[in-house]
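> Feature table excerpt (TrEMBL):
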ACT_SITE  Cys316  active site, nucleophile
BINDING   Cys187, Ala188, Ala189, Pro190, Gly191, Gly192, Lys193, Asp210, Asp243, Asp261  S-adenosyl-L-methionine binding site
DOMAIN    86-388  domain 'SAM-dependent MTase RsmB/NOP-type'
Amino acid sequence: MAAYICTRFCINKFKDSVRFIPRRYRVKSKWAQTRPKFPSTTIALQNFDTTYSMQLGNLWPSVRVAMLSEQKYGALINNFSLTASIITSGLEAEGCIDFIGSHQHSKDSMSLHEDSAEVDVSKPAAHDPRINPDIKCLVFPKGDLSRFKPSRPDSSGLLGYYLLDAASVLPVLALDVQLGHTVLDLCAAPGGKTLALLQTHTVSYLWANDLSGSRTARLRKTLQSYLPREYLEENKIQISSFDGCKLGPTEEKRFDRVLVDVPCTTDRHSVMVEDNNMFNRSRTKERKSLPLLQIQLLMAGIQTARPGGDIVYSTCSLSQLQNECVVQQAIHQAQEVGISVQVQDLGWLTQCFSNTFYFAPQLSVGELVLPHLCANFGPIYMCKLRRSN
């Protein structure tokens, strides 16, 4: 009898609670359209926890924390601005360091020291390509989380610096553009690397291409904000919105240098921002097909390079499938069509800038900047290839 009364009481209480729920919300959970969706950032992080914990081992926990923390930026100085030198001095007064220029100074001091001392001729000289001194990128020191103020236009309307992940300048340095070179930037938008290439004042012709029309419009707007109109109106720069995969056969052996900064999972964006996230459920097929697209783009880049020309492949992902595996597969495919390419050592790059960036150890091919709390740049992967025939 007592059990019957208790059960009846619970049923009545349940009925009372239901009466407080408006009828329009009384739906089965599987029919509810207003349920919170599983965030793309959470899906991305779960995916990375599975793959990168195996790939990076003990390094992954610290990289994970850094990727979920505020990213550091660099200020790429615009040499076309009338106030470039004033802006550089002002940023240096705030404690910023030109990580490219500081390497040059340390190299010069080392040379002076070696001139005054006996040189050991038994040791081979390290391969250190000429780093163009016109590329200036200022960063706050390690551990300094200060943020750059938005750049202001000079009297001619040009902005003084471009904010970007400082590690994204490294593929441009690796490309080693020399005076009179023709350059193809195969996937150029939003334009940071394109702008860095033009700071060298060595490019005789630059073709900046991107498949997306909206991204190409953004690229054009970026260049208009940093380059004089008369410079853009010259025949030195071409901006287009073609499928980069199809440029290989049509532009074969045309360029001295080719930058292939491919679309990727953009790992840091994927764990931080919902908008345009590659891990959105609607983009699953697109994400899984990325390595194939990347191989096709790199193959096109290899085809457009002249014999003796260099190709730099880069991503902003930690994924081996999008980095080393793509490079190795593209080299294999190039050999099948009679094109010989060799991986170029970028060890000099890690030696030069190890005080600014944290590099992953022991990659099979290429170099990888790992996010780190004290130097929270990246991830940026880069590999340099040279076409020999």
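Cβ from N, Cα, C; glycine included.
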> Would you count the other CB atoms within 10 A of the CB of Cys316 (active site, nucleophile), including those on all shown protein chains?
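That number is 23.
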> Least buried of the binding-site residues Cys187, Ala189, going by other Cβ atoms within 10 Å?
Cys187
> Using Cβ-Cβ distances, find the residues under 8 Å from Asp243 (S-adenosyl-L-methionine binding site) that belong to the same chain and are at least 6 apart in sequence, listing them in sequence order.
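Residues satisfying the criterion: Leu211.
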> Would you mind checking how many other C-beta atoms are within 10 angstroms of the C-beta on Gly191 (S-adenosyl-L-methionine binding site)?
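Here the count is 25.
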